[in-house]
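Q: The structure under discussion is supplied below as structure tokens; questions concerning it will follow.
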Amino acid sequence: MTGDIRETKECQLKDPMDLFHSGQVVKVCAPMVRYSKLAFRTLVRKYSCDLCYTPMIVAADFVRSAKARDSEFTTNKGDHPLIVQFAAKEAQVLCDAARIVCPFADGIDLNCGCPQRWAISEGYGACLINKPELVKDMVRHVRSQIDNPKFSVSIKIRIHEDLKRTVDLCQKAEAAGVSWITVHGRSIEERHQPVHYDAIKIIKQSMSIPVVANGDIKTLKDAENVHHLTEADGIMVARGLLANPAMFAGYEETPFQCIQDWVDIALEHGTPFTCFHHHLMYMMERITSKQEKKVFNVLSSTSAVLDYLNDHYGV
């Protein structure tokens, strides 16, 4: 963390709220476990992504352990605006984590949407949508303890079966000073069911702060449709960007230049092989045949991958 972070102190941190006041729909790269790390954020920023999140970091571990800080959070001076997403269940722990990243990031996000069993059993993620007073308290604490007024504090949520409860949660968070709210339009139980974009629209109409829509957005056309359906101020994409990091720049599928850019960036950042390879598997999913996938997906070294790309695609 430190080597990269030292550079950041020299750069001008940005106010993410400026994006929401620009009159354009804000294009956002979601927090993705293992995937939305510095190298990938660097790639999507080259292709019209406005705002990037880190993967979710457990705030208590981050505060307690220098090792966790070094492995979980890396940034550099081009990596802005940047939101660090935390899993937390105690206001002071979230504040302490926010204070650590405040000099190097543009805001923090409280994860109130992760539906994974381990997160919920630990009191993190989506179970927080049922604890509006706690969410309000956490937002208010960070707001009062971070001196920088441009440092954003946002939350990412799922919806309740009874939408009135979600609106109540959002209004409480707004009253506590939350900067914007990202809404994944599914309930905790829903995984692959259709996204309730109508619910996101109702939440948007109930708020006077920006709302970001999330869920099942795979192409720029999807993003435009969801914007029209929900009236959201921003569109957050996860898997759609993994499959096509150039999606926000209007490409239907990953262009070869983007694959070349990923190779260059990943090698420069020393990206571990598994992560380097997995990203390429996602990017090439739509542009390779079944036979090619069989060969490419079992390659086991960086040099083998580079040889394959060079031989087959001139990358």
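Cβ coordinates come from backbone N, Cα and C, glycine included.
TrEMBL labels come from automatic prediction, so no person has curated them.
So TrEMBL has the following annotated:
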- Cys114: active site, proton donor (ACT_SITE)
- Pro31, Met32, Val33, Gln85, His184, Ala238, Arg239: FMN binding site (BINDING)
- 29-292: domain 'DUS-like FMN-binding' (DOMAIN)
Q: Could you state the whole-number distance in Å separating the C-alpha atoms of Cys114 (active site, proton donor) and Pro31 (FMN binding site)?
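A: So the Cα of Pro31 (FMN binding site) lies 10 Å away from that of Cys114 (active site, proton donor).
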Q: Which one, from the binding-site residues Val33, Ala238, has the smallest tally of other C-beta atoms lying within 10 Å of its C-beta?
A: Val33
Q: Could you measure the widest C-alpha to C-alpha distance across Pro31, Met32, Val33, Gln85, His184, Ala238, Arg239, the residues recorded as binding FMN, and give it to a whole number of angstrom?
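A: Greatest Cα separation within the listed binding residues comes to 17 Å.
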Q: Let me know how many other Cβ atoms fall within 10 Å of the Cβ of His184 (FMN binding site).
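A: So the number of other Cβ atoms within 10 Å of His184 (FMN binding site) is 26.
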Q: Limited to the domain 'DUS-like FMN-binding' (29-292), I'd like the whole-number average of pLDDT.
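A: A mean pLDDT of 97 is what the model gives the domain 'DUS-like FMN-binding' (29-292).
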Q: Using a 10 Å cut-off, grab the number of neighbouring Cβ atoms around the Cβ of Gln85 (FMN binding site), all chains included.
A: 25
Q: Compile a sequence-ordered list of residues in the same chain as Met32 (FMN binding site), six or more apart from it, whose Cβ lies below 8 A from its Cβ; state 'none' when nothing qualifies.
A: Pro55, Ala238, Leu242
Q: When you measure from the Cβ of Pro31 (FMN binding site), how many other Cβ atoms are you left with inside 10 Å?
A: 25
